[in-house]
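What Swiss-Prot lists as signal peptide is 1-13, and the listing cites sequence analysis. Under the heading active site, nucleophile, Swiss-Prot lists 40. Look at Swiss-Prot and you will find 152-363, 205-302, 338-342 tagged as disulfide bond, backed by similarity to another entry. Residues or ranges marked as active site, proton donor by Swiss-Prot: 279.
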């Protein structure tokens, strides 16, 4: 079995990422629960370099292509090879749960993946060869686990600082010629590192879909763009703050679900939880685990985090990565700081520093909410006081000057009635 040691630049110097190639078939004798996170399949560009390029993409921007759906279907077949005998031939709603970010491309990727993992064996009513499988999602603004742009002012400030960091300046110097080249070709006088993803994204999408590049583009230039993109992408989760606020929420959810399974509160049947998400989701999760891989996650690749139960009830955590599209190669990481074998308890102890106690508060969101809440309460209090004052004044106006009527009433009788009429 091949053991590899890769030296990569991480958050604080050199990080040794240790991994080994492993067989595709899982060890189902001890396997108890699996979390998988995959990136959606091939898609159209999220943004365009040139407005006229929209005609190249009839599906629209940021949408799953037919090729992407096929990639996910094949990934589902690959997962079936690894877990099929353990999961069974038919989808079991008590054993399997699929969650997606709220994008067409990830929702459709999940459906295509499940079609590959659980192909229909028998026709349903009406003779349809179809096995419908539910895919769950939540709205983007509330999805702090899978939505890469969930509002978090603290993380945004931290990321802005990264663009000015020594590491970022080193990238600018290393790729000065490429940045100058694209600044000229795209008419961008102040070419920023953060714009490189859009350049890579468009060129890569065109390459994947056999669309002709502009005349000034060629394979050797693209190779440098690819290198530039991968180095810039490593800035995204370069600090503990970014890992805690961008990757920690998902890792914490995964850890607590493992703990619930181990304690029995998740139920005996629960086996498999899948997240249909993005390259940034996988990258954030890996970085939070302490793994700084030098190539950004590709289309229809997946991370597998397994929990194994030993005879003595000890739970072990193993992390696998299928990091190539449509290639069977699977690697297993050694988790930095968590001795091999890595127990669930040790993993939690090592990584709890990345579990936000109050994500909204740490992001600086609760201050705004509390301010709005106080304003609303203040308005209600002022309105109530004003209303009571007006009622009191009105009541006083109705206290009538007293005078005698037909000699039968004395000076204390009200003009329009007594207090019972109020």
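Just so it is clear, glycine is given a Cβ too, placed from its N, Cα and C backbone atoms.
The structure, with features from Swiss-Prot marked on it.
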residue : record                    : DSSP (3 states)
40      : active site, nucleophile  : coil
152     : disulfide bond            : coil
205     : disulfide bond            : helix
279     : active site, proton donor : helix
302     : disulfide bond            : strand
338     : disulfide bond            : coil
363     : disulfide bond            : helix
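In the structure as shown, the Cβ atom of residue 363 (disulfide bond) sits within 10 Å of 19 other Cβ atoms. One residue stands out among the disulfide-bonded residues 205, 302, 342 for having the most other Cβ atoms within 10 Å of its Cβ: 302. Annotated pair residue 152 (disulfide bond) and residue 279 (active site, proton donor), C-alpha to C-alpha distance, rounded: 19 Å. Ranked by how many other Cβ atoms sit within 10 Å of their Cβ, the recorded positions 40, 152, 279, 338 place 279 at the bottom. Across the structure, residue 302 (disulfide bond) and residue 279 (active site, proton donor) place their CA atoms 9 angstrom apart. Using a 10 Å Cα-Cα cut-off from the residue listed as 'active site, proton donor', the recorded positions that qualify among 40, 205, 338, 342, 363 are 40. Proximity to residue 205 (disulfide bond), judged by a C-alpha distance within 10 Å, picks out none of the recorded positions 40, 338, 342, 363. For the pair formed by residue 363 (disulfide bond) and residue 40 (active site, nucleophile), distance between Cα atoms is given as 27 Å, rounded to the nearest Å.
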